[in-house]
Amino acid sequence: MATADTVYNTTTAAQEPKSRKWFIVPSENLDKVRFAIKVIELLLSFVAFVMEEVVSSCSQCGPLYFFEFVSCTALLFTLLLLILLATPLHQRVGINSWPSLDFGYTSVMAILFFLASILFAADNGQTGLEQGTVAFGFLATVAFFIDFGLFVKNRGIPCRKGNNQQADRTPRPESEKLNANGTDSVN
């Protein structure tokens, strides 16, 4: 049995050592600048959400509730995306197109935050708290649009064909079968 182990050991490919890092910025999906912007998005969304929650009364509550929904969604999903992209957890999730997901999420949140801030600015009680909430909503909107712009500038639009980016660089198995005797057979 000792000789069989040596045969298998010499032909077995070495496994890559597992990284003990739990925080991987910069990575192929998130550079340092965009990481900082995502943290700013998270903080501004948090402040906007908390300030909105402190509003005690509203005459027309629809815009307030829409702003609450958008700010809470931005807070939770930005936190989730930040955790996934800044740690090795994104490798364990069955998603292969992180740039497309990040691009889509950032663009949708920028538009939703912009709409929610406009609607809440147009229809609120004009208290200092509500105006501050609207201000943080617009600041979060600006952060999302800056993130969107940097993404497009650095990586292009991932959904377009001919983007000059290779989506998957893993080697593909050969599809041609080898003959048993090593020669091509002519039929």
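Backbone N, Cα and C define each Cβ position, glycine as well.
For reference, TrEMBL has these:
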DOMAIN    29-156  domain 'MARVEL'
TRANSMEM  35-52  transmembrane segment
TRANSMEM  64-89  transmembrane segment
TRANSMEM  101-122  transmembrane segment
TRANSMEM  134-152  transmembrane segment
REGION    162-187  region 'Disordered'
COMPBIAS  178-187  compositional bias 'Polar residues'
Report the mean pLDDT of the predicted model across the domain 'MARVEL' (29-156), rounded to a whole number. 93
Selected stretch (most C-beta pairs under 8 A with the transmembrane segment (101-122)) from 35-52, 64-89, 134-152: 134-152
For the transmembrane segment (134-152), could you work out the same-chain residues 6 or more beyond its ends whose Cβ comes under 8 Å from its Cβ atoms? 33-34, 37-38, 40-41, 44-45, 47-48, 51, 67, 71, 74, 99, 102-103, 106-107, 109-110, 113-114, 116-117, 120-121, 124
Number of helical, extended and coil residues in the domain 'MARVEL' (29-156), per DSSP: 105 helix, 0 strand, 23 coil
